[in-house]
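Q: Before anything else, here's the structure in question.
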Amino acid sequence: MTITHTYSSTAETSPGRVAIQTESEQITYHDWDRLVSQTANWLRSQPSMPNRVAILLPNSLAFLQLFAGAAAAGCTAIPIDTRWSPAECKERLSISNADLVVTLAFFKNKLTDSQTPVVLLDNCMADISEAAADPLPTIDPEHPFYMGFTSGSTGKPKAFTRSHRSWMESFTCTETDFSISSDDKVLIPGALMSSHFLYGAVSTLFLGGTVCLLKKFSPAKAKEWLCRESISVLYTVPTMTDALARIEGFPDSPVKIISSGADWPAESKKKLAAAWPHLKLYDFYGTSELSFVTFSSPEDSKRKPHSAGRPFHNVRIEIRNAGGERCQPGEIGKIFVKSPMRFSGYVNGSTPDEWMTVDDMGYVDEEGFLYISGRENGMIVYGGLNIFPEEIERVLLACPEVESAAVVGIPDEYWGEIAVAVILGNANARTLKAWCKQKLASYKIPKKWVFADSLPETSSGKIARSRVKKWLEESVQYK
């Protein structure tokens, strides 16, 4: 069984159902099943069959076709971000050891320094259209079909792989815990380079639903599709959802939002619910390595708005102290996860343990709901006291005058490290200090403040903390 094995059965039972709809084209399951088979057979017919296929394409039907075709052929698909510089593309292709990269002529200049063979999309599409749609050989479910890169929010990106089995286990969470089915029309407004949006599209196709794919995120365009296409599910990240909440005139029909939101302030969720009362919000905590860990249902979000939720049906979590002992409810420790959805490992790394941690810190309450404190390697040690930047950011983002915020630790001769806040918005340092004083212990209040016009983000829409820290250390005068 693979992530594509349901396509043929959906094509048989619902041949005319739309599989993918973009701003310029659409395809039925009958044609989608055939196209994926042709793409897989084209890859397998190459003189030297590629094991690893890089995809440097914008959001499009062709992107999903090549991704699914590579998976069906037994290859590992490697999405490459169109926003990366030539040096970044070269680095990722080198790390991944890709056998070929499929791209558009427009992006070919990004690959001039790379040794990876390049195939232009127009050329391969002509060959694929003539390929047979013959049955494909059985693929081992443990075989890696997807290689991604950690977002780099805290350091140098690393490549990781996921197996067919791990994503098929994740699909059961989408079906069981999010209650998404073949009846749903799912809007994917973000870049398929992000595993969150890629997963949203691929899981929808596995379940037999319809993927509605935007070229790139635009609040106005997302609203247009929500109103026009009877969208029932929307995949987002908090920054996108906050932008959507500022737009009026959303449809009255219920829409289910699936958001990776462990760092999503409760106040932002309340604003969204007020602006869009018919939504059903599911936010989850997960990582590239662990996949889904915990989630909050619409009812959970109202009852425990600051929680990252409870474990998915096939996940177990434990909070452990520095000695490896299990923590009591309310006691902060390192989060360990046991899950059939975990990744296969980092490229050139060891096989992951049964119980895994990515060094995130948190605690559980008496009911088993998880609360995220922060990441151990992002922790600020201020005069021997531990400060988690995420806790301060949540407080700052609750201030009406703050649009976005990032908190990092900067070396200090006396304290060891101090917390520095970088702010987008109309607030000033005096206002924010007073705001924090009401909600934080005094030692957690940032000691320095920087006001900026923008904050660097990773490809998944998160603040790139390492770049903020580097920028502060190299060039900024503090307030």
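Cβ from N, Cα, C; glycine included.
Below, the features straight out of Swiss-Prot:
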BINDING   Thr150, Ser151, Gly152, Ser153, Thr154, Gly155, Lys156, Pro157, Lys158, Asp360, Arg375, Lys462  ATP binding site
Q: Using DSSP with the three-state reduction, classify Thr150 (ATP binding site) as helix, strand or coil.
A: coil
Q: Taking the Cβ of Thr150 (ATP binding site) as the centre, how many other Cβ atoms fall within a 10 Å radius?
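A: Within a 10 Å radius of the Cβ of Thr150 (ATP binding site) lie 20 other Cβ atoms.
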Q: Between the binding-site residues Lys158, Arg375, whose Cβ has more other Cβ atoms within 10 Å than any of the rest?
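A: Checking each of Lys158, Arg375, the winner is Arg375.
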Q: Quick check: in three-state DSSP terms, what is Arg375 (ATP binding site)?
A: strand
